[in-house]
Amino acid sequence: MLAKPCSLAILHPRLPSCTRQVFLSNFQFLIPAHSRYRSSLSTAAQSPLDGGAGAGGGRTGALSPPPVTDEVVQKIDVNPPKGTRDFPPEEMRLRNWLFHNFREVSRLSGFEEVDFPVLESEALFIRKAGEEIRDQLYCFEDRGNRRVALRPELTPSLARLVIQKGKSVPFPLKWFAVGQCWRYERMTRGRRREHYQWNMDIIGVPEVTAEAELMSSIVTFFKKVGISSSDVGFKVSSRKVLQEVLRSYSVPEILFGKVCIIIDKIEKIPIDDIKNELKLVGISEVAAEELLQVLSIKSLEKLEEVLGGAGEAISDLKQLFSLAEKFGYSDWIQFDASVVRGLAYYTGIVFEGFDREGKLRAICGGGRYDKLLSTFGGDDLPACGFGFGDAVIIELLKEKGLLPNLNQQVENIVCALDKNLQGAAASVATKLREKGQTVDLVLESKPLKWVFKRAARINAQRLILVGLSEWQRGMVSVKILASGEQTEVELANLE
Ligand code: HAM
């Protein structure tokens, strides 16, 4: 966990003597000099929880703000913590649109939605294989001295829930989730410290039919949002390829996860460092050479030539590619032995979605994890799934000009023309809302010009004016904004 000590306590000469201004990077509090909060603040400033803005900017410090009392004036940083996002309405519309598509696609395949707490026990995410995700954990001790963490991914929580449900649930389980995950990442395009992930997982199916179905769902999603196989592809491999090589050199099974994590770094660190790390965990030089050679294979035929056709790696991959053809997405997938994935728990097929222009990091990724449940003390069950982040796909859609134009849309704007008609307008709004119509209600006295401007901004279809003379006759004035046509409508007939 990165910790960054904050600088504290600068006196501001022009403030009244009873007040000291404390600067914490760009986070400021005005605190009375005699305040009892001063000491708790300085303790908190050394908290290991400091988000440690690290490389430049952003809000620092995990300080508990002092309780608000009359004597405390706070000037806060209006930006969210580095790497996190606010979702003002325009961003929220986009997020809702994206999540709606995630959910629609999942439901098309008969998956049920689940969710888990964002805060989990830290132990759930501690694996010993040296994964990057462990160093990126937002973890701390809660007030009851329990070690907890903000989830960096959803899979361990899903495994926990499957174990908890035991045999009471009917297998196979087909579950999906859309949830926020937290990783203390170095920020790059599409990589943030907080992101949302769409996950689909199948528990209880040992055959690669499950992986084939999952990939078909991702393709359905891509097509739904306008992305084609010329924009995006999947690189697919199987960890069983590595397993077969390691077995042939009698490398103990226990090292498998560690070796995968080392090999996954192949594009991030120099090859000599990879070889060194492999050596350190006990992989001989010859075995390392062969592993690296196998990883460069990009065709199934070549792989079969090297490994022979008898093993599970080849038969799984062949079956998967043949199913992809039947599902109708063979043009989206390609074999690439270099795909290993950075999580220790995968045991079989692994895949990653990538943009063909190579501008972005992985769009999504997943695979089979048949042994994860037993690492938590449960009985193993065949399982596979994928995670699909919200950030990279938005970048890609932007890049391709495929972002939808989402405006606020309210069907009616109802406006009281007179202060005495506020109650009347409110009753009109209630009546329409009860009929399922969306209504923006304007009760404050505003000039008509203002009301028309607002109607245009919220894309209202009708303007309903509640004026005295019409109201006395049980009528309201209804203007269809697209055509400008205006009529008086009896209240009872207002639909
Ligand atoms: P992952 O590859 O670590 O896999 O993450 C899956 C996806 O989440 C990535 O491909 C990316 O779209 C998104 N993602 C990950 N980290 C970030 C980040 N810092 N900022 C933005 N987006 C990010 C997993 O998490 C596995 N648990 C997936 C899985 C589910 N495997 C089986 N079931």
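Just so you know, glycine gets a Cβ as well, placed from its N, Cα and C.
Keep in mind it's a predicted model, so treat the numbers as computed, not measured.
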_Co-listed L-histidine-binding residue [TrEMBL; alongside GLU153, LEU154, THR155, GLN197, ASP201, ARG341, TYR345, TYR346] among ARG183, ARG186, ARG361_ = ARG183
_Annotated region 'Disordered' segment (source TrEMBL; candidates 42-68, 420-446)_ = 42-68
*Quick one: of the binding-site residues GLU153, THR155, TYR346, flag those whose CB is under 6 Å from ligand 1, and say none if nothing qualifies.*
GLU153, THR155
*In sequence order, what residues of the same chain, 6+ apart, have a Cβ less than 8 Å from the Cβ of GLN197 (L-histidine binding site)?*
GLU153, LEU154, ALA177, VAL178, GLY179, GLN180, CYS181, GLY387, PHE388, GLY389, ASP390
*Tell me, by DSSP, whether GLN197 (L-histidine binding site) is helix, strand or coil?*
strand
_Taken over the domain 'Aminoacyl-transfer RNA synthetases class-II family profile' (83-404), the model's mean pLDDT_ = 96
_Those residues of the chain, 6+ apart, with a Cβ under 8 Å from that of TYR346 (L-histidine binding site)_ = ARG239, CYS260, GLY367, ARG368, TYR369
